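Here is the structure we will look at.
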Amino acid sequence: MSEWLFDLGNSRFKYAPLHGNRAGQVQAWAHGAEAMDAAALAALPSGRIAYVASVAAPALTQRMIACLQERFTQVRIVRTTAECAGIRIAYADPSRFGVDRFLALLGARGDAPVLVAGVGTALTIDVLGADGLHHGGRIAASPTTMREALHARAVQLPASGGDYVELAIDTDDALTSGCDGAAVALIERSLQHAQRSLGVPVRLLVHGGGAPPLLPLLPDATFRAALVLDGLATWATAASSP
């Protein structure tokens, strides 16, 4: 494959070949805040063009770019723009709109009107109208980050473990139920507002490594594991057009 897509998140790294205007088979692994496993870097593919999106720490981003520059003829870095492929971002300063959110909207454009919820280190929510207009969104801590923050302030509260129940009778379940429930409630409230505001039914798309535990609580949601990479494929196609 001569063209590849790379998505470097806050805690996970994904890449896939570019197949037409979609991402091919995705490979992914976790990484540290400032470093990535040397063996993983050595296993990266090579080719003609690497399309790269990153919200990771600058040092890790620069290391990844340098590594890809040794393997690819061109390395193209994605930046959020006010408009792309029929999508118009609501932010007055598009550079402050995260590139992961930008690409997720590009990946979801065929499903609009849609609410896109990304569950990773953060919980991000964005609403996209059928005309391609972004209607804004929200950012909150994801359930995983909520648990880690509670554990950091109160070490007796475990950072993981437990099951979701409506009214828990032990601490582990209470933590899972509270944190997952808070995320689901924010998504549901945002979806209700979007439907009132737009006056039409709004689809719900979720993505991100932290999304699967929330899916049983969001029965109308569609999970798109490769949504950001699909958006990156759309961006790459648009960038290559004359």
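Here the Cβ of each residue, glycine as well, is placed from N, Cα and C on the backbone.
Cross-referencing T81, T121, T124, T144 against the ATP binding annotation in Swiss-Prot, which names D7, L8, G9, N10, S11, R12, F13, K14, picks out T121.
Substrate binding, as stated in Swiss-Prot, involves G98, V99, D100, R101, T171; the candidate among Y15, Y91 given for that site is Y91. Annotated pair D100 (substrate binding site) and S11 (ATP binding site), C-alpha to C-alpha distance, rounded: 13 Å. Distance noted between the C-alpha atoms of G98 (substrate binding site) and T121 (ATP binding site) is 13 Å. G98 (substrate binding site) carries neither a helix nor a strand DSSP state and counts as coil. Among the residues the record lists as binding substrate, namely Y91, G98, V99, D100, R101, T171, the two farthest apart have Cα atoms separated by 40 Å. Listed binding-site residues: G9, G98. The one with the lowest count of other Cβ atoms within 10 Å of its Cβ is G98.
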